[in-house]
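Trainee: Have a look at this one.
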Amino acid sequence: MAAEREAGRLLCTSSSRRCCPPPPLLLLLPLLLLLGRPASGAAATKSGSPPQSAGASVRTFTPFYFLVEPVDTLSVRGSSVILNCSAYSEPSPNIEWKKDGTFLNLESDDRRQLLPDGSLFISNVVHSKHNKPDEGFYQCVATVDNLGTIVSRTAKLTVAGLPRFTSQPEPSSVYVGNSAILNCEVNADLVPFVRWEQNRQPLLLDDRIVKLPSGTLVISNATEGDGGLYRCIVESGGPPKFSDEAELKVLQDPEEIVDLVFLMRPSSMMKVTGQSAVLPCVVSGLPAPVVRWMKNEEVLDTESSGRLVLLAGGCLEISDVTEDDAGTYFCIADNGNKTVEAQAELTVQVPPGFLKQPANIYAHESMDIVFECEVTGKPTPTVKWVKNGDVVIPSDYFKIVKEHNLQVLGLVKSDEGFYQCIAENDVGNAQAGAQLIILEHDVAIPTLPPTSLTSATTDHLAPATTGPLPSAPRDVVASLVSTRFIKLTWRTPASDPHGDNLTYSVFYTKEGVARERVENTSQPGEMQVTIQNLMPATVYIFKVMAQNKHGSGESSAPLRVETQPEVQLPGPAPNIRAYATSPTSITVTWETPLSGNGEIQNYKLYYMEKGTDKEQDIDVSSHSYTINGLKKYTEYSFRVVAYNKHGPGVSTQDVAVRTLSDVPSAAPQNLSLEVRNSKSIVIHWQPPSSTTQNGQITGYKIRYRKASRKSDVTETLVTGTQLSQLIEGLDRGTEYNFRVAALTVNGTGPATDWLSAETFESDLDETRVPEVPSSLHVRPLVTSIVVSWTPPENQNIVVRGYAIGYGIGSPHAQTIKVDYKQRYYTIENLDPSSHYVITLKAFNNVGEGIPLYESAVTRPHTDTSEVDLFVINAPYTPVPDPTPMMPPVGVQASILSHDTIRITWADNSLPKHQKITDSRYYTVRWKTNIPANTKYKNANATTLSYLVTGLKPNTLYEFSVMVTKGRRSSTWSMTAHGATFELVPTSPPKDVTVVSKEGKPRTIIVNWQPPSEANGKITGYIIYYSTDVNAEIHDWVIEPVVGNRLTHQIQELTLDTPYYFKIQARNSKGMGPMSEAVQFRTPKADSSDKMPNDQALGSAGKGSRLPDLGSDYKPPMSGSNSPHGSPTSPLDSNMLLVIIVSVGVITIVVVVVIAVFCTRRTTSHQKKKRAACKSVNGSHKYKGNCKDVKPPDLWIHHERLELKPIDKSPDPNPVMTDTPIPRNSQDITPVDNSMDSNIHQRRNSYRGHESEDSMSTLAGRRGMRPKMMMPFDSQPPQPVISAHPIHSLDNPHHHFHSSSLASPARSHLYHPSSPWPIGTSMSLSDRANSTESVRNTPSTDTMPASSSQTCCTDHQDPEGATSSSYLASSQEEDSGQSLPTAHVRPSHPLKSFAVPAIPPPGPPLYDPALPSTPLLSQQALNHHIHSVKTASIGTLGRSRPPMPVVVPSAPEVQETTRMLEDSESSYEPDELTKEMAHLEGLMKDLNAITTA
């Protein structure tokens, strides 16, 4: 069918000449149809059949390229133009032309015609002001039918306009032997058509007379024959255009010096590689100057270099410009009396070129390929891709990767053709192409897969051999579905149950899209694949195919999976604009996003200075904002993000804008003066720093004057690129002051300080080095040596300064240069008692002179007589200690950034204006107190402020200042403190560990430590986790955690799955780096797990879900479907069912018989026992007569009456309370899954980020203690039961009845609807949370019936109803209560009460090996247990939720409910009176116990 569709596509109409095949090809169509049928065998290969055409031939790549491409052309109106183009292919291609992107209809065009070689011929070019049909961009298009199309580079045809003179020649004069210029500037297109005439005769050009590219005429070494009338003529196809005539007069040599003057300065220009550049430089003057050129401080050789030629007048011509020719060129003219110089910048641009061209590619359908294209050029070229002549628009399947490469995903047959990479910049464009051939699936790729094939798509390219093919993979499921990735798992095919040597290919496509993609497993036997880079909320169709050495097998049934939707976030804000409003402010405007996905709450405006990586943000509620306080003339980038209730949306594109320029805010730098001779001084300087220029420097203003106060100031302006100036015409032996200021278009900035220099008395000789200084004297002190000298005796040689060298034993260790006027210098910071060698040399521009040597030994520390150079004291005269100076005051620390603090202070010893006029200096010291042993750091300053840098972020420092003047120093000032600003964390959280939670394989616990370089208070953490470590970070799942926590639980993970975890810390400044990925594999499912979130398969009941048993789990199957071929016998299954039902029926019958027997026996002795034992009917079960009955233990019943005090206790015998112990996890039935799931959801919504077992900050840092169950065994003669409820921390053995909890709004207990016994245990934790009790409440149908102890009840209600003890607590108890309470749960409707009690003495016994263990005294262990009571132990003064206790024996639910109803209706008035009497007696006993 594919061949038939291909043949049908060839049958096109004759009107479409681009797609019609030649007649011989039409004759082959029947043959193509026959040959095309086996092509369906490729499709059959996917369905499990062996290949049908393995030996099919492979098509070869077709040579198809341009021999000649059009180039940019300049033409004039009315002329003819040929745009060359020629392409090679077999068969010959069809050539067409495009103009400005539209095909030209050459058949009906009279002026344009296609030449046989493919070139375009345009006759009689038309061009006018309003009609320019021929000017534009032309492109040649070559097409080979049934093969493809390629396009040439784009060529620009420019038609010159009407000639217009912007400047014309003017009358001038020139001395014989000098130079002259005559201007003639026209529009740039017509410069090649300019010629000159002298006296109406064509002017012949030679080495002495040249025409510059601008049209200007330069005449050098003028002669008398050069005089006359000159005019320039423009001939551009129409009538010639003449300029004005100008007369050039040639004057005789005046025999006097004429100052050098620039007739034409060099100007900066831009050229393209391969072109010629002419840098003009014409200087006139007498004597005639000699012009030389320099580049980057190197003299250019214009004599022997073939590319560098010096033209007439001194102009420099550079032929065949290369990128290395770019730079700054200096033109220097010198005539022996004067030197002038000028400079210009040459910028070289490079057309696009290819470092790596696309390569031809073979591929199969559904594969992914990449065409590589690496380009170069200046400016950096942009790249676009063209397929068969049409521009490729990036989409989901055509993507631009690595800036220039084209990636095609999920190839289809129609993707075949020619692909071209087109690179373009301001100075040109270029193209390079490659061919893509898509082979049938049964045709192997003939060569090794090139690097442009993705690694996941080349595994099935080897030719298949004969043999059985695998069947379809089984049980293909999506085990993990996210917004942008899906994880698929499957089982081996039935034909190969082991499948160790099978590889798998996953074919997938977006629903409704025919383009299919493929992803292969990474190794044989692997049965899972994660498909990345999917679209959110999109349906994808997946099919899995197994492959063995014989080929591809059957495909699995299509699996339809929809990715998760992303949160509905706002789209980008449209029409963002930014414009500068002042040198320090920029206004940004935007509009409401088109897809806001709800109400936009606010916007966040991000901006960043260009060249930095620190982005700042501002919250904005409107659609515009003006940012102030920006740097002047600085480029900033801006972007806007809209926020709705879901969070931040899509960011806009960055827009860049520069603040307006301003006058410079700082003076030029490094001002220096060089005295050339007796009448000139050269000034050198550097521009202000880039941050203070505030705009483009357009020039410099030089002001100078004589040192005398009343002298006039002279100003000189120079260009912005000039950094030195020669000032001439000065007086001999006179001191001058100079200062320089920078200029922008906005004005003049601040000037430098005045700098002085004195001209020489006479013009001295500087053709040789100075002579040796006439004398050298040294004066050693303790840590310094004073050096003095006299100048050389020969005063006729220029001395520009002195070089002092010194060192211990050698004078070459250090060198200091001083001014030529200086006669002494103090070398400081020397070592005491050390031998120093000192040398002194005079120097000038030629070099250094002969050195003069001297040596000296510094004085020891004990010698304090540091004598001034000009004051002679006795060598041993003691010098008194100097008076200390006053310390600086008002020390302040101003925080500037995270690592910089400015220290300022005042000096009371200075005048009021605080101006330093002497040699004092200040020492600043600083340190931080963390750690405590930190040493001080010091720095010296000569001003009243100092900038301390290199500090640590978010750190408190203390600063103090000391002043020193000569030998006098002050004490340290009072300290000032300053804390640096915070900075984003610069290190990730450390010690990241992941462990599985015990008993909950779906829950893991992540632990970590704070970053070592937090740089501020950590406000939170973000935990990232994913099953793919290579996934993009935005595809990872995130879990936010508050900053004071160092552990977090993650629940509901997939079993037996590797997860990768990363953690990122944040503070107020932003997010820090991520930690390295930590891998953790969740455990496999365990059938003994009874956790609500990880049940075994056999315990999944109604409302529960099956667990994830991992990708390797194979469920048992019956009969022939069993993977191992071992069928299960139906007889065994039926027998097992009969046994289970029989055991259940027998158990129920036994329980009912025992309950009836106990009820009847209790009824016959009820009244007698009550009168004899004075005991209320309760949950205690007694065996024996009255003498065995224990005294009252306050577990009593009453009816709507409050307790009254008791005077005494009727029986001093001790009472013990015991609690049964479940010995293993099977003794307690787990809670119902559906109930736990619901409660779990409510808990999560209530607790926020805390997990179900999270503890308080203090409790969470210490280990958990095992839970305990504690009975009471009273030892003293007057026993007291101390009972108080305490909350347990999520023990899996704790189960609470939903109806056994007291309502928070009531202070009385009420009857449960189903009074079942409840098992509990005690925890030593001090945390209480009522929500935990609710969370652990099971349903009534899952409560166990204990079989550990069974007895008959001796004390019953009048109707014989058996009751159980329950324990509850009121949440309205007085918060100031300081004693524990024993809460009583009656079996008939009487109110509960609380009595103060004292905890029992005696240490308990504790066995940590059991899940929950009773604490019994030795006496209680030896005593036969007659009764079981329930109680909870807790901490004094705290209110805890109730913890019910399991009673060993319990009736069925229905029977117990009936007994309770009978019990409630069996009370008569006389019995109530008797009961009240008992109650009053017990109150008296209670008073006696508590007061004893």
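From the backbone N, Cα and C atoms, a Cβ is placed for every residue, glycine too.
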Trainee: Determine, on the basis of Swiss-Prot, the cysteine among C315, C421 paired with C373 in a disulphide.
Mentor: C421
Trainee: Check the candidates T1229, T1337 against Swiss-Prot and report the one noted as phosphothreonine.
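Mentor: Among T1229, T1337, the residue Swiss-Prot annotates as phosphothreonine is T1229.
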Trainee: Out of S1120, S1164, S1466, report back the residue that Swiss-Prot marks as phosphoserine.
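Mentor: Among S1120, S1164, S1466, the residue Swiss-Prot annotates as phosphoserine is S1466.
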Trainee: Do you know which of N670, N1177 is annotated N-linked glycosylation site by Swiss-Prot?
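Mentor: Record lookup, Swiss-Prot, feature N-linked glycosylation site, residue N670.
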Trainee: Where does the N-linked glycosylation site label fall among N337, N1329, going by Swiss-Prot?
Mentor: N337
Trainee: Going by what Swiss-Prot says, which of S1225, S1251, S1339 is noted as phosphoserine?
Mentor: S1225
Trainee: For N337 (N-linked glycosylation site) and N84 (N-linked glycosylation site), determine the Cα separation and express it in whole Å.
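Mentor: Rounded to the nearest whole number, the Cα-Cα distance is 57 Å.
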Trainee: DSSP helix, strand and coil counts for the domain 'Fibronectin type-III 2' (572-662)?
Mentor: 0 helix, 44 strand, 47 coil
Trainee: What mean pLDDT does the predicted model reach across the domain 'Fibronectin type-III 6' (988-1085)?
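Mentor: Here the predicted model's pLDDT, averaged over the domain 'Fibronectin type-III 6' (988-1085), is 92.
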Trainee: Which of the glycosylation sites N84, N670, N940 has its Cα nearest to the Cα of N746 (N-linked glycosylation site)?
Mentor: N670
Trainee: Take the C-alpha atoms of N84 (N-linked glycosylation site) and N940 (N-linked glycosylation site) and report the distance between them in angstrom, rounded.
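Mentor: That comes out at 74 Å between the alpha carbons.
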Trainee: Cα distance, N221 (N-linked glycosylation site) to N520 (N-linked glycosylation site), nearest Å?
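Mentor: Taking the Cα atoms only, N520 (N-linked glycosylation site) lies 81 Å from N221 (N-linked glycosylation site).
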Trainee: Does DSSP put N501 (N-linked glycosylation site) in a helix, in a strand, or in coil?
Mentor: coil
Trainee: Counting Cβ atoms within 10 Å across all protein chains shown, which of the glycosylation sites N337, N501, N520, N940 comes out on top?
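Mentor: Per the Cβ count, the most surrounded site is N520.
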Trainee: Given the glycosylation sites N221, N501, N670, find the one whose Cα is closest in space to the Cα of N940 (N-linked glycosylation site).
Mentor: N670
Trainee: How many Å lie between the Cα of N670 (N-linked glycosylation site) and the Cα of N501 (N-linked glycosylation site)?
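Mentor: Approximately 76 Å lies between the Cα of N670 (N-linked glycosylation site) and that of N501 (N-linked glycosylation site).
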Trainee: In the domain 'Fibronectin type-III 1' (472-566), how many residues does DSSP put in helix, strand and coil?
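Mentor: Looking at the domain 'Fibronectin type-III 1' (472-566) with DSSP, the answer is 0 helix, 49 strand, 46 coil.
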Trainee: I'd like the per-state residue tally for the domain 'Ig-like C2-type 2' (163-249) from DSSP, helix first, then strand, then coil.
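Mentor: Once the DSSP states are binned, the domain 'Ig-like C2-type 2' (163-249) shows 9 helix, 38 strand, 40 coil.
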